[in-house]
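The block underneath contains the structure these notes are about, expressed in structure tokens.
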Amino acid sequence: MAVTSAVRDTATAAGTIEIQNSRNHNNKLADFEPPVKPKRNKYAFACAILASMTSILLGYDIGVMSGAAIFIKDQFKISDTQVEVLVGMLNIYSLVGSAAAGRTSDWIGRRYTIVVAGAIFFVGALLMGLAPNYAFLMVGRFVAGVGVGYALMIAPVYTAEVSPASSRGFLTSFPEVFINAGILLGYVSNYAFSKLPDHIGWRMMLGVGAIPSVFLAVGVLAMPESPRWLVLQGRLGDAKRVLDKTSDSPEESQSRLSDIKSAAGIPENCNDDVVAVADKKSHGEGVWKELLLRPTPTVRHILICAIGIHFFQQASGIDAVVLYSPRIFEKAGITSKDKKLLATIAVGFTKTVFILVATFLLDRIGRRPLLLSSVGGMVASLITLGWSLEVINHQAQAQNWAVSLCITMVLAYVGFFSIGMGPITWVYSSEIFPLRLRAQGTSMGVAVNRVVSGVISTTFISLYKGLTISGAFFLFAGIATVAFVFFFLCYPETQGRTLEDMEILFGSFIGWRALKVERLREREAQNGREVELLDNLRNTYGTPLSLGTVLFGCKLLD
């Protein structure tokens, strides 16, 4: 019956086209020109902006803690190990949020899950700003970490589900844009509040993070719910209204709705505003069995790609550079607190500029070229950074050229990261999962991301004390090299594909190119059979072929 349904869809479209052609015999030459690329959908753009702004919470915390830790260490008289735990444990704590967010978003919806993320972070920021001691501060870090975990998982999922295929890469990269904007704001906050007395300055740095979470939680209420979640709840009428607003054309809206209904197991001919759906499909039960216990080759490939890209994003050392940039600049010979904080602002500015460039390239040149170019540049900059730090380490007095090279390579590294590896991780992992597995599959990728980030950020000081600062960056360069090979061999291009059409690309790790060609040939053969059916109907009933005749012919196949 699946083939029959596909035949019916094709036949219906073909019949409609023939009816239109029979009414318009005198077509102008302009009718045969390539279609004009649709303008960017402003409503989808606004939804993506609002949802992605939740990610600013993580960015702000990362940026502000890099400077606040300097003053916290002095006030609470804590060791380097305690500083590592303070800085890095938020990433481990966020596992709780990311693990819960998948199920929560399947249960209450994507939109209200974003509200939950903002509310939790609000409480955490207040607790950190008011902390009287180190233990209380860690409690605030835990609460804030849970909110960050929610935000990291839900923002890219919602954005991917609401975006049209023509601009999905652009819109789904917004969470990474706002993470970088948050990092920059955190660095600026460090510098601004560093002028206050030390015991007040760091509290202001951490506490003001509660302010944007209030506005974000309220703003999100103006957003529509994800159309894919609405279909899973059987709310087809609501889903159609959202798709009409977020699609580039009415035809695309109808096509997206049909694809989502098919993925959700709802019959194509069911057009009621509300339909009954099985609880198992609507609230995500049984997903873990399909993801982990009995995955198909396609699901296994998708899962490993999602987990792999999250692992390598963090294992290549980005959090070590961002969180500990003041210490890196200190090792490079910069001793003034003001100068170190100003240098970190340069890091945040560079990251923000390059992520903005990446957003405009994702849908133009594709995911793979950007990802591979980004990782290649990261390898080169990490090796050069390690070498320059080694030179400085072996000199009694740091040479100006070596210090300048070190700063330049830090900026180059974060620039290369932001133009590919940073945004593509969130874009890729949120778009490749099938609808029924997307929320909880994405939460697994985010969980891996947070674990690796937590390990790196809580051990970096110990790592560079054991390997030397240059040895630590040589290690990150080696990991990034492995990542380049892994991405080149196993990751297919997803540019321009609808979310419901992703599975054609996956199923064979090394041989995905050949598998893609084979599946495309199968699809062409099926299309050929459909065309043959239409020809037979045309020969039988004459031309032009009426839509009623086409549907009657398809009904005979049932």
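Cβ coordinates come from backbone N, Cα and C, glycine included.
All annotation found in TrEMBL is predicted automatically rather than curated by experts.
Matching 170-188, 436-454 against TrEMBL, the residues noted as transmembrane segment span 170-188. When Cβ-Cβ distances below 8 Å are used as the criterion, the transmembrane segment (470-491) is approached by residues 301, 304-305, 308-309, 312, 315-317, 320, 367-368, 371-372, 375-376, 378-379, 382-383, 385-387, 389-390, 393, 428, 460, 463-464, 509-510, 512 of the same chain, each at least six residues removed from its ends. Of the candidate ranges 43-71, 83-100, 138-158, 170-188, 200-223, 170-188 has the most C-beta pairs within less than 8 angstroms of the transmembrane segment (401-426). Mean predicted confidence for the domain 'Major facilitator superfamily (MFS) profile' (47-495): the pLDDT average there is 86.
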